[in-house]
Ligand SMILES: NC(=O)C1=CN([C@@H]2O[C@H](COP(=O)(O)OP(=O)(O)OC[C@H]3O[C@@H](n4cnc5c(N)ncnc54)[C@H](O)[C@@H]3O)[C@@H](O)[C@H]2O)C=CC1
Ligand SMILES: O=C([O-])CC(=O)C(=O)O
């Protein structure tokens, strides 16, 4: 049933002319004379490698009327620079911790790329030590100043930072699982690019769902559901799966100590943020993959709160609506290879989620 709904939603999405699938900053709607509803977007970590280009992309998005750029270093320059772009959004920079409340107040959507990136030889989990604390304090501020906002979590390790935010929100009594998203769109972007290259099809026509989390084997691209259908061999599919799982490391190594993916991430983050804004504005059939709470797999809960993402925190296709996630569409039919991948990822994903939960609970 869910699989049929998913296929039909994806079909509708592919066949829709542009409303749901074309990022607003890339669509001709930016020349439209009737403005979309007022929407405030806050970016936390706006002066960083991802923060700067995603700030620009959100400034180009006609769905944004106010753009709040917050960082603990370098904000004034970025805010002044981006503010000169002649598009709808009014830009304000917020430079110090005491300004975080003002940056967040009234936000409809908060995008979080704050935190340290990987260097060669590190795993995403190695970032936990620093980024967990950053995400926890930013989540506390969101709970206080804009508890109803949608939150797009980019900071790594996403498999733990999303549970951290959820636990903080729960402890403040403001958790709404429909509004918290781990941004895994870059995995989808990569899977589409690599599939199109291997199958020699037009990348603009390609769709590949990616489920699971956002690290190594927890990233599970579903090439069996990729469109257009092609006749790639099992070996090709295995190689594409591995390359998608290792895509972040490919960039980290190429940057040789100067950080991780920033430009492709900003692009991916802007696509996902745009989908959230479209959902809020009531555009129908907006479907993306994201790391969200769901009950799609069968793992038993070891604690009631793990009900959250867990049953165990798969990333799903979600249909976005006025309140955030309108519907979790499920995994769809998996090949044997994908089913094995799904089983294999559960242990790591579960432990990353538990690590995030334990960090907030202090145990
Ligand atoms: N979800 C995904 O697919 C991806 C996630 N990432 C993650 O995104 C994060 C950011 O990466 P980059 O932009 O390359 O790093 P960066 O170091 O270039 O920028 C991070 C920014 O965060 C700021 N920051 C640090 N603590 C802060 C705080 N408490 N409040 C506000 N801002 C704060 C820094 O001043 C800096 O400007 C990393 O954790 C990285 O691993 C990166 C690529 C893809
Ligand atoms: O690999 C990293 O550290 C950054 C990231 O999450 C990605 O590029 O997918």
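Backbone N, Cα and C define each Cβ position, glycine as well.
Now, the feature entries from TrEMBL:
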- 214: active site, proton acceptor (ACT_SITE)
- 45, 46, 47, 48, 49, 50, 51, 71, 131, 154, 155, 156, 265: NAD(+) binding site (BINDING)
- 118, 124, 156, 190: substrate binding site (BINDING)
- 40-182: domain 'Lactate/malate dehydrogenase N-terminal' (DOMAIN)
- 184-360: domain 'Lactate/malate dehydrogenase C-terminal' (DOMAIN)
- 1-33: region 'Disordered' (REGION)
* **Distance check against residue 124 (substrate binding site) for the recorded positions 47, 51, 214, 265, keeping those with Cα within 10 Å** => 214
* **Annotated binding-site residues 45, 47, 155, 156, filtered by Cβ under 6 Å to ligand 2** => 156
* **Under 8 Å by Cβ from residue 265 (NAD(+) binding site), same chain, sequence gap 6 or more** => 50, 54, 113, 154, 186
* Neighbours of 118, 124, 156, 190 excl. site residues, C-beta within 8 Å of centre, substrate -> 117, 157, 158, 214, 215, 248, 249, 252, 260, 261
* To do: Tell me, in order along the sequence, which recorded positions from 47, 51, 214 have their CA within 10 Å of residue 190 (substrate binding site).
  => none
* Structure fact -> The largest Cα to Cα distance in Å among the residues 118, 124, 156, 190, listed in the record as binding substrate, is 18
* Within 10 Å of the Cβ of residue 155 (NAD(+) binding site), how many other Cβ atoms can be counted across all chains shown? -> 29
* To do: With an 8 Å cut-off on Cβ-Cβ distance and a minimum sequence separation of at least 6, pull the same-chain contacts of residue 118 (substrate binding site), or say none.
  => 124, 126, 127, 156, 248, 252, 259, 260
* Structure fact -> Whole-number Å distance separating the Cα atoms of residue 47 (NAD(+) binding site) and the residue listed as 'active site, proton acceptor' is 23
* Could you give the maximum C-alpha to C-alpha distance in Å for the residues 45, 46, 47, 48, 49, 50, 51, 71, 131, 154, 155, 156, 265 that bind NAD(+) per the record? -> 18
* Structure fact -> Row residue 124 (substrate binding site), column other C-beta within 10 angstroms, all chains, value 25
* Structure fact -> Rounded Cα distance in angstrom between the residue listed as 'active site, proton acceptor' and residue 131 (NAD(+) binding site) is 15
* Structure fact -> Checking the binding-site residues 45, 49, 51 for other Cβ atoms within 10 Å of each Cβ, the smallest tally belongs to 49
* Structure fact -> DSSP, reduced to three states, assigns residue 156 (substrate binding site) to coil
* To do: Report, as a single number, how many Cβ atoms besides its own are within 10 Å of the Cβ of residue 131 (NAD(+) binding site).
  => 23
